[in-house]
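Just below is one structure, and these are the notes that go with it.
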Amino acid sequence: MRPQAGAAPRARPPASPSRRAPAGRGKTWYWLHKWSSLVCTLFLLVVCVSGLPLIFDEEIVAWLDPSPPWPTLAPATPAPSLDAIIDAARARHGAHRIVDVEVLRDPPRVTLGLAPGPQAAPGTPSLRLEFDARDGAARAAIADSDEGLGSRIVTLMTRLHIDLYGGLPGQLFLGAMALLFALAVVSGVVLYHPYMKKLPFGTVRGHRARRLKWLDLHNLLGIVTVTWALMMGLTGALHELAVPFFRHWLSTDVQAALSTGRDLSAADEASWVPVQQAYATARAAVPGRQVESLRFPDAGLGLPRHYLLWAKGDTALGAHLFDAVLVDAPTGRLTAVLDMPWYLRALQFSRPLHYGDTAGLPLKLIWAALDLVMIVILGSGLYLWRRRARP
């Protein structure tokens, strides 16, 4: 039945971008949003799902792999030196070589990373040892193949989140997916902004077709979380470049610092100064900072005769900002204190933004809620694409 002449036309809701073909530049943005989203969505779903438990990795490990309680010691108990702890580890695990040392404050403990030595039998696993820093008592000896359930879950989720078990190629691939995701976020804002201006903010037209309801919900959640989503995409892409960045730093800044020394040849381990002395040298070179870890000389890193120590700040943000200290192993002398170049400093700044672990459990809960919202956005985007040709 045709409307009578002079009758007021029926008000129509604003057409959604999926119902009305964009014109001009809108076609380009529509194409960018559609294909950048389609290419990265499945991989981003894996990243979001695996990232959810990683927000609570410490809580998961503490729950599923409880550590023995920390004993109360007499105030006058003498603390052992790092070298005494290292000697005890070597005596118990003679087939292994010590790769790194980490000194942690809360609770006070020393962890050692051990790799199979030349005399180790084939298939010998690497080890991680933990000692009470107050009295040198051994607390744990965990092989890579004998992790607890909590650690195995965290390891599985970490590999899925970082490289899909693909090593460096997997990292670079997920980095590209993160950049595509950032492009999808930006193009989505540009594409849908004109249409959302015609509706009150927060409108979800639930009384209309199901697809239209999900389109409104997809747009609303996307706008609400746009800053966080863009931050996750860009910082995630930056994190996937950590290995190439570190290798570049080793081959440029570190080698330039070493070139000022007189002797770059490898030195026999028997001639190395004690680890405790190397720590003391590093602490004196960076007063006010916490020297947390030490890497033994390693020709594979281009450091055949130098200890590599890492120093960080004491504040919530400073704890993520590391600088390197090089100590000559045979002499114990300071070789260099290396401030991080801009690309590694940017990576360090981005870590607390990406992980949300600088303000305790409240921020972790916020990050988890935003991650769940992102899963809904990604899932609704796939649903809208599948229903694109249906009424």
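Here, residue 1 is simply the first one shown, and the rest follow in order.
Every residue gets a Cβ built from N, Cα and C, even glycine.
Bear in mind that TrEMBL entries carry predicted annotations, made automatically and left uncurated.
Per TrEMBL, the features are as follows:
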COMPBIAS  1-10  compositional bias 'Low complexity'
REGION    1-24  region 'Disordered'
TRANSMEM  35-56  transmembrane segment
TRANSMEM  172-196  transmembrane segment
TRANSMEM  217-238  transmembrane segment
TRANSMEM  365-385  transmembrane segment
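Counting C-beta pairs under 8 angstroms (sequence separation of 6 or more), the transmembrane segment (365-385) reaches the transmembrane segment (35-56) with 3 or more such pairs. Sequence-remote contacts of a segment are chain residues at least 6 beyond its ends whose Cβ falls under 8 Å from one of its Cβ atoms, and for the transmembrane segment (35-56) they are 153-154, 157-158, 160-161, 164, 174, 177-178, 180-181, 183-184, 187-188, 236, 355-357, 364, 367-368, 371-372, 374-375, 378-379, 381-382, 385.
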